[in-house]
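Visitor: For reference, Swiss-Prot lists these features for the protein:
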| type | residues | note |
| --- | --- | --- |
| BINDING | 29-36, 146-149, Val175, 183-186 | ATP binding site |
| ACT_SITE | His36 | active site, proton donor |
| BINDING | Gln60 | beta-alanine binding site |
| BINDING | Gln60, Gln152 | (R)-pantoate binding site |
Amino acid sequence: MQIFHNLNEWIRFRNTLSPDLSLGFAPTMGNLHAGHASLFLASSKENHYTVSSLFVNPTQFNNPDDYKHYPRTVDADLELMTQNGVDFCILPNENEIYTDGYAYQVQENRLGQLMEGKHRPGHFNGVLTIVMKLFNLVKPTRAYFGEKDYQQLLLIQGMVKALFMDIEIKSCPTVREKSGLACSSRNNRLTPSQREIADEFAKIFHQNKSSAMISKELEALGITVEYIEEFQGRRFAAVKIGDIRLIDNYLL
């Protein structure tokens with residue numbers, strides 16, 4: 001795997017690649033897990049080359065503590081990428097990415113105001129802006145996103161369509177641990193007792209019951225329920241176990 005620490009180096013290299021070659025892209029913030037590996041493998045099966053990025057994007061954290069405590073595990077992340085078919089990895093720094101001083105942002109005013117957007121103001125502006133920047137840098141044929149962040153997936157699909165971007169957005173199923181808990185970088189921050197509660201969250205959330213009943217059962221375990229909502233045939237949830245925030249969704 002070839003690693004690019006400098007954006008100008010990447011841009012020069014990208015310009016040498018034949019337009020006849022397909023590029024798959026799976027952007028990440030690091031602290032990788034099996035869910036990320038599934039994106040890399042899906043891309044490597046469908047493209048000549050697979051590109052990823054490691055960048056903890058400050059603009060999508062509405063809570064500064066979340067950004068501060070987000071695990072940085074670069075060496076382990078690069079190893080996982082190497083083992084799962086990534087050919088090129090971009091590791092930009094904040095000054096390179098935001099040369100405009102955060103002056104320009106991508107904003108969506110409908111779906112982005114619901115659920116995650118309602119509870120994390122500004123989050124999706126940060127997501128869409130960094131994804132747009134990375135798309136312009138990588139110029140991928142296809143880009144891969146997990147269904148765990150399904151609202152994010154819908155927004156990226158909508159952005160690509162609205163702005164006439166010639167990129168195929170591929171969705172990949174949520175990867176789950178044996179308990180049914182969705183793989184997430186935040187799972188690493190759970191204490192053993194919190195992890196048991198998180199496993200119960202996954203089981204209860206997937207029960208064939210009303211959202212109100214599910215909320216009641218979760219709250220009885222001491223879980224803080226931010227929302228459980230149904231949207232476009234899926235059920236979405238965001239909860240807190242202690243100070244760890246977890247999200248999930250599934251097709252009804």
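Note that Cβ sites are derived from N, Cα and C of the backbone, with glycine treated the same way.
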Visitor: Just to be sure I understand the packing, how many Cβ atoms besides its own are within 10 Å of the Cβ of Met29 (ATP binding site)?
Guide: 20
Visitor: Pick out which of the recorded positions Leu32, Gly35, His36, Gln60, Val175 has the most other Cβ atoms within 10 Å of its own Cβ.
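Guide: Result for the most crowded candidate: His36.
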Visitor: Counting every protein chain present, what is the number of Cβ atoms, excluding its own, within 10 Å of the Cβ of Glu147 (ATP binding site)?
Guide: 18
Visitor: Among all chains shown, work out which of the binding-site residues Gln152, Ser185 has the most CB atoms within 10 A of its CB.
Guide: Gln152
Visitor: So which binding-site residues are near the residue listed as 'active site, proton donor', with CA atoms within 10 Å, out of Gln60, Glu147, Gln152, Val175?
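Guide: Final answer, ordered: Val175.
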Visitor: In whole Å, how far does the CA atom of Leu32 (ATP binding site) lie from that of Gln60 (beta-alanine binding site)?
Guide: 18
Visitor: Rounded to a whole number, how many Å is the Cα of the residue listed as 'beta-alanine binding site' away from the Cα of Gly35 (ATP binding site)?
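Guide: Between the Cα atoms of the residue listed as 'beta-alanine binding site' and Gly35 (ATP binding site), the distance comes to 20 Å.
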Visitor: Which of the three DSSP-derived classes (helix, strand, coil) applies to Met29 (ATP binding site)?
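Guide: It is coil.
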Visitor: Can you give me the Cα-Cα distance between Met29 (ATP binding site) and Gln152 ((R)-pantoate binding site) in Å, rounded to a whole number?
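Guide: Cα of Met29 (ATP binding site) to Cα of Gln152 ((R)-pantoate binding site) measures 14 Å after rounding.
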Visitor: Could you tell me the C-alpha distance between Gly35 (ATP binding site) and Gln152 ((R)-pantoate binding site) in angstrom, no decimals?
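Guide: One finds 15 Å between the Cα atoms of these residues.
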